[in-house]
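Submitted below is the structure of interest, expressed as structure tokens.
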Amino acid sequence: MSGLVLGQRDEPAGHRLSQEEILGSTRLVSQGLEALHSEHQAVLQSLSQTIECLQQGGHEEGLVHEKARQLRRSMENIELGLSEAQVMLALANHLSTVESEKQKLRAQVRRLCQENQWLRDELAGTQQRLQRSEQAVAQLEEEKKHLEFLGQLRQYDEDGHAAEEKEGDASKDSLDDLFPNEEEEDPSNGLSRGQGAQHSGYEIPARLRTLHNLVIQYAAQGRYEVAVPLCKQALEDLERTSGRGHPVVATMLNILALVYRGQNKYKEAALLLNDALSIRESTLGRDHPAVAATLNNLAVLYGKRGKYKEAEPLCQRALEIREKVLGTNHPDVAKQLNNLALLCQNQGKYEAVERYYRRALAIYEGQLGPDNPNVARTKNNLASCYLKQGKYAEAETLYKEILTRAHVQEFGSVDDDHKPIWMHAEEREEMSKIRHREGSTPYAEYGGWYKACKVSSPTVNTTLRNLGALYRRQGKLEAAETLEECALRSRKQGTDPISQTKVAELLGEGDSGRTSQEGLGGSVKFEGGEDASVAVEWSGDGSGALQRSGSLGKIRDVLRRSSELLVRKLQGSEPRPSSSNMKRAASLNYLNQPSAAPLQVSRGLSASSMDLSSSS
């Protein structure tokens, strides 16, 4: 056994043992030490027996005791070696366990690194999506602000279009007069169609007029995919046959601009109108009514894009041209003043706004009479300007004047039996303060209020809402509720006779009710707003009659029937006689072409409607 242990020590000095070799050698040495320990134990027992047999004090007894001590010392060393070997084996097991745990931890670290990388990728993707979402939110907020702006414009529209359901004050004003189409603006020059043709030096071909009618119908039906190619093809043909600088090309550019305007493509429409303006200035002169119409339409496009400063000088120049051509007291000059006032109001130039509205009001009252709807509309606009400046007393006075005048037109007088609606509202307010504990007022006691609700028109409805809001601001809740309920009742009454008159016109049955006055240049149309579904038309016969269109759906139905007649005309078949009046839905305004009327009676050719001015 001693030789085995010594043999383990005889390894070359330069050889480096591995951990497995060390553990194997340790186990062998431990086994050898155990055997050696057993051998020493047996020898020690033998010596102990020998000592007992020997006599005391003998020489041999001392030697045996010495051997026993040596054996015990050797056994202690052997036991120490065994203990160290066991410690080494236990340490090896512990190190093996630690290494195993270490490998497990490394595997976990690798998994965590992979998961961390995946989370980083997910975070990067999420950040990108968040950035795109924030951009989308910013874009939607801009669109929301734009839509709120349009909604606020419609709240101040006095023509009672589809947005009159909304209530409350608006921070922007309606551009109700700011985008009359060229067909509406062109007659505003006060000249006859024949005179306009002489001014321009050319006559619009019948084919272009027919094409224009088709484009208007397609646009009114929302079929822009058909209307736009038609316009572009016609424009290419006209440029090829007549040249780029011909006035008829400018007319076609205006038609295409109107189609783009219907698609809310204001930038493209503005480019086309700029081209048309250049052509008309070079061919017709800078002071031609057609130039004024194009300037007005271009100013509107800038206004719809919020560029009021750029729009104001264009509108101002259009006003100067119309004053020069038509005179300072023409109704179309008043209409241009309304447009200019609205632009100034959106810029906060309230002093100029009041000046323009008062001048327009004086023109309307002097030329058309105090009962003309445009007088009420202008007063309503002026009252809105007062509201923005906090001049509530002045605004309230104008609103009451509008309602009182409408009441007088309906009932003939103001007395105890026939009171305007605002008087009933204030009486109910006073009564509510006295009888606030008794609930609602009996029907019979306030029958006059329900009778006063019969006074209804778009301007009156708008005035009712605005005055109701003003009453609420003053704390007159009962009076405000009375006016609001009256406005609501009038909207629920359905199609009124005025709407039926407009529909009859569209069907060719209302020609007898339309007269034009040479001195005033026919009829002037006012658009109710950007997306209005109702348009109001003033007939220049001095009667002050207000003609209001029906809903957009009814207009489209009429346009579909009219399109069939135009298609038959293009195919060569004769349509049955009917009125050639063709009206366009409110989003694209109305197109009025009285072909049966004599040229000297109809309104003058304004630049934007030259394509419709002459008959085939």
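Counting begins at 1 with the first residue displayed.
Here the Cβ of each residue, glycine as well, is placed from N, Cα and C on the backbone.
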Of the ranges 117-136, 417-436, 557-576, 597-616, which one does Swiss-Prot list as region 'Disordered'?
597-616
Which of these ranges is annotated region 'Disordered' in Swiss-Prot: 7-26, 507-526?
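Of the candidate stretches, Swiss-Prot labels 507-526 as region 'Disordered'.
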Averaged over the repeat 'TPR 2' (208-241), what pLDDT does the predicted model reach?
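Mean pLDDT across the repeat 'TPR 2' (208-241) comes out at 84.
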May I ask which of the stretches 208-241, 292-325, 376-409 has the most CB pairs under 8 A with the repeat 'TPR 5' (334-367)?
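Comparing 208-241, 292-325, 376-409 against the repeat 'TPR 5' (334-367), the winner is 292-325.
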By a simple count, how many Cβ atoms lie within 10 Å of the Cβ of Ser457 (phosphoserine), its own Cβ left out?
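Counting Cβ neighbours of Ser457 (phosphoserine) within 10 Å gives 24.
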